[in-house]
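Database features (TrEMBL):
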- 28-52: transmembrane segment (TRANSMEM)
- 46-292: domain 'G-protein coupled receptors family 1 profile' (DOMAIN)
- 64-84: transmembrane segment (TRANSMEM)
- 104-125: transmembrane segment (TRANSMEM)
- 145-162: transmembrane segment (TRANSMEM)
- 194-216: transmembrane segment (TRANSMEM)
- 236-254: transmembrane segment (TRANSMEM)
- 274-295: transmembrane segment (TRANSMEM)
Amino acid sequence: GKCSAFNLQPNSSWPYGTEEPPLLSPSAYTALAVLMGLVSAAGILLNLLVVVVSVKHRQQRQPLSYALVNLAVCDLGCAAFGGVPTTVANAMGYFSMGRLGCVLEGFAVAFFGIASLCTVAVIAVERYMVVCRPMGAVKFQTRHAVGGVVLSWLWSFLWNTPPLFGWGSFQLEGVKTSCAPDWFSRNSGNMSYIAIYFLLCFALPFSVILLSYCQLLRTLRQVSMGGSTNRVELQVARMVALMVLAFLVAWLPYAALALTVMLDPSLYISPQIATVPVFLAKSSTMFNPIIYIFMNRQFRDCTVLTLLCGWNPWASAQDSIAGDKTVYTQSNTRKQSYQGLEGEGLC
């Protein structure tokens, strides 16, 4: 029935917590459980390590680090409250937590997921300001990072709570082992919510990320054409390309599926096909800490010190290349850009 506080009325005829004819074979559900279990475990461990290292080592508390740690917290929440229940549901072959469990899981995944997307947008803007406008009037400082983090959480909370009170809903998706905003319902209330949700929580952060990183790549190419290309330039270019590629691979299929369903309600998408974008999006919890943080040499050194109780077996090798980031001396502006890229968290 309908609860007075939350919209718990299901739109589907499937009784939650009971088995319906399976959409996949038992072995396929088991394979999905193993895959999601590995991704969730990696996401929890890696992001927890990011948080611990950042708190323990004061030199990591740069302005950008606030956004990076917030990204780790978001991904940790997605892995714990989304990946783990999905793993259990796939192991059982059906969603067993009932309608309330579906609403809570759907809200948690959407809440942490959109906060993560918004945090990536904050990081994209920071990269644009540091590299493309290093001498601009506005400098990216701690207050900007903290403001971006707070805005990410508030924005996500604002647009993910309406389904709890009747505008929109959370429903089972894919092979019916996880929950998300209902992209398929055709009633006017749900369609209005989904349209606004897609524009403000997917299209807007995507646009900010793509515009910022395209400008960043253009700036790096111009610098490369203007002079000799050193190791730092090449490493930054590869890093940015990898970040954009991984982000698009993880999230763009899910956003494309949602947009396709919105634009063409008559189009049939099999549950098996619809599950692929869901798993790709949830895999971003594992990719983000590797790409955004662990490919940073300074943070990697701090991680080694934390895991090995203060001993870094590669310390001498790192010291021998410590002066690499100051090789470029053709202009103060250019040198400041690369020092910002390497010292603050991306290379």
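Glycine residues also receive a Cβ, built from the backbone N, Cα and C atoms like all the rest.
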Stretch-averaged pLDDT - the domain 'G-protein coupled receptors family 1 profile' (46-292): 85
Recorded stretch, among 28-52, 64-84, 104-125, 145-162, 194-216, maximising Cβ pairs under 8 Å relative to the transmembrane segment (274-295): 28-52
Among the ranges 28-52, 64-84, 194-216, the one whose Cβ pairs under 8 Å to the transmembrane segment (145-162) are most numerous: 64-84
Within-chain partners of the transmembrane segment (64-84) [C-beta distance under 8 Å, separation at least 6 from its ends]: 36-37, 39-40, 43-44, 47-48, 50-51, 54, 105, 108-109, 111-113, 115-116, 119-120, 122-123, 126, 140, 142, 145-146, 148-149, 152, 178, 282, 284-286, 288-289, 292-293, 344-345
Surrounding residues of the transmembrane segment (28-52) on its own chain - C-beta under 8 Å, 6+ positions past either end: 22, 68-69, 72-73, 75-76, 78-80, 83-84, 86-88, 90-93, 175, 177, 275, 279, 282-283, 285-286, 288-290, 293-294, 303, 306
